[in-house]
Amino acid sequence: MESANASAAALRAKIAATEERLKLLKAQLANIEEKEAEEVEESPVTRKWPLLPDEYKRYGRQMIVPSVGIQGQLRLKDASVLIVGAGGLGCPSSAYLAGAGVGTIGIVDGDIVETSNLHRQILHNSSTVGMKKVDSIVSYLKSLNPHLKYITHPTHLTPQNAAEIVSQYELVLDCTDHPTSRYLISDTCILLQKPLVSASALRRDGQLIVLNSPPLPAGDAKGGPCYRCVFPKPPPTDSVVSCGDGGILGPVVGVMGVLQALEGIKLIVEGRLKEEQEVDGRGNTMLLFSASGSPQFRSLKMRARSSKCVACSGNAELTLEKLPGMDYAVFCGIASPIGILKPEERIEAKEYLELEQDSEKTHVLLDVREKVQFDICSLENSINIPSSSFQGTRSSSLQEGKPSWLPETVRADASIYVICRLGNDSQIVTQKLKEAGLDNNGKRAIKDIRGGLKAWKEQVNPSWPEY
Amino acid sequence: MTETHPKPEMASENTIPILVEFTGGLEMLFSDERKHRLSVPSKDDEGNPVNIGWLVKHLCDKVMKDSRKEMFVLDDHVRPGILVLVNDADWELEGEASYALQPNDNILFVSTLHGG
């Protein structure tokens, strides 16, 4: 075992050294290429061309599209776009913007690449796991198109840094994953008069909306609506589902990111980044995508700027001076960890292990994850009744007396232990079972396993598959 | 799940056929069905034409089996984060809750997504 560790360490050192060497070689090559490009530019015959020879070849297929042309290409070259979030939306959108030749691309993200990102965040790869997302994404983009300027902001966007970062760009893509960042980005774009392309995705659905376009000053009713016009009040925290909890199909978020890039390219090529008035015939729309819908795409006609909007109306109270003091976490509400049970109503995963091994005592282990998760991995002898099935008012999982899921052979005083993925739903179900009288006035113990299957992996079985 | 558009139907004197749709996860509150074809009375208890405000209450009381009513309605209003569309147009353009339902209307409830 020790010699295996030693040879693994030696290999890791070798790989690190080789990667360093590779980096050096790449830098040398880039240096030479840059000089070559300069020489070409300096040659008196070719000097009048606004693009490099490689750029004519590279962008030719899009330049000959009539709505782009050389004018559109030069606009792309001059343009600067900020992508907030280097994840499932940010990867495809930045790839297409870099491919199209957007001159300056900035990426904001404070996270590092994780293996669970890779099925959809297509610019990261297995060898960049653990790297900062901004570095991973820019290393891909540089190899895709070395002619552009890439700026990394290895931080989360905050009320304190948002204005400074956003002010360096002409267009913003919201590729984030939470209402707090969505309100912050929208507010900042209103204050700095930047158009905003916002997209989101979950499971099999996606949504896309172009906001603040045209980006007219607050109070000008002809400007495009902002995020607050469409969603004046934030959603309740328990209605906000992340991709980590709800799941996401890679191509679904991919399609939304590609559409963001498309909307961005349209705004740039058509010269609408700093447009001063609304062009006739273009209303505000929201695009819905649903992998299982019929039709899959649906365009909705949306409201204009709201005369009551606190960000973009004439009565807006928002200013650049106030922005750093805004607390978006408070505004959107903070999802606090659930702690509804008393300590004696809960047991630790390792305590449950002892119970499980004691064959004298019979008990029931109730796994309340959704069936799709239960099918991936489950504990021996556990019964799966998803927590959602306890929600209905006429729920059969909660009927009076003995519910059908409780095996006939189980004694009336046999304990019930409830487990889920992280230890939140299990508390809610434990409480519901008690409220339904399943504890036989205290004769039967009903307890939740603290920390769920995550704790089980940490305390009991390190080989438990984490998904 | 079959998904078809409603056949144009003649409104009978007392009822109006409408198509109600849920997306963005809201369908989970409504028996996991995205499309609900409903026949609603043309007048409410007070004899006024039924509007979306009436429909929202009807959906909450009669159609929704999930107990999490607050995921759809908060303080007697559609909860924040849900958009309501009347024939694919934002209900704000149509008078919001006071919009009177017409035969074969399509009312779409969209829950905003946040993931990315």
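One-based numbering along the chain as shown.
For all residues, glycine too, the Cβ spot is worked out from N, Cα and C.
Automated prediction, rather than curation, is the source of TrEMBL annotations.
Copied over from TrEMBL, here are the features:
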type: COILED; residues: A:1-42; note: coiled coil
type: BINDING; residues: A:G88, A:D109, A:S116, A:N117, A:L118, A:H119, A:R120, A:K133, A:D177, A:H178; note: ATP binding site
type: ACT_SITE; residues: A:C243; note: active site, glycyl thioester intermediate
type: ACT_SITE; residues: A:C420; note: active site, cysteine persulfide intermediate
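A:C243 (active site, glycyl thioester intermediate) falls within a helix when secondary structure is assigned with DSSP. Among A:G88, A:D109, A:S116, A:N117, A:L118, A:H119, A:R120, A:K133, A:D177, A:H178, the residues given in the record as binding ATP, the maximal Cα to Cα distance rounds to 20 Å. A:C243 (active site, glycyl thioester intermediate) has its Cα within 10 Å of the Cα of none of the recorded positions A:L118, A:R120, A:C420. Here the Cβ of the residue listed as 'active site, glycyl thioester intermediate' has 23 other Cβ atoms within 10 Å, regardless of which shown protein chain they belong to. Between A:S116 (ATP binding site) and A:C420 (active site, cysteine persulfide intermediate), the C-alpha separation comes to 20 Å. In sequence order, the recorded positions from A:S116, A:L118, A:R120, A:C420 that place a Cβ under 8 angstroms from a chain B Cβ amount to none. Note on A:S116 (ATP binding site): other Cβ atoms within 10 Å of its Cβ, all shown chains, come to 13.
The local packing around A:L118 (ATP binding site), expressed as other Cβ atoms within 10 Å of its Cβ over all shown chains, amounts to 15. For A:G88 (ATP binding site), the Cβ neighbour count at a 10 Å cut-off comes to 29, with all displayed protein chains included. A separation of roughly 25 Å, to the nearest angstrom, links the Cα atoms of A:L118 (ATP binding site) and the residue listed as 'active site, cysteine persulfide intermediate'.
Taking the C-alpha positions, the distance from A:D177 (ATP binding site) to A:C420 (active site, cysteine persulfide intermediate) comes to 24 Å. Other C-beta atoms found within 10 angstroms of the C-beta of A:D177 (ATP binding site) number 24, with every protein chain shown included.
Geometry remark: A:R120 (ATP binding site) versus A:C420 (active site, cysteine persulfide intermediate), CA distance 26 Å. Within the same chain, residues at least 6 positions away in sequence whose Cβ sits under 8 Å from that of the residue listed as 'active site, cysteine persulfide intermediate' are A:D367, A:V368, A:R369, A:S387, A:S426, A:V429, A:G452, A:L453.
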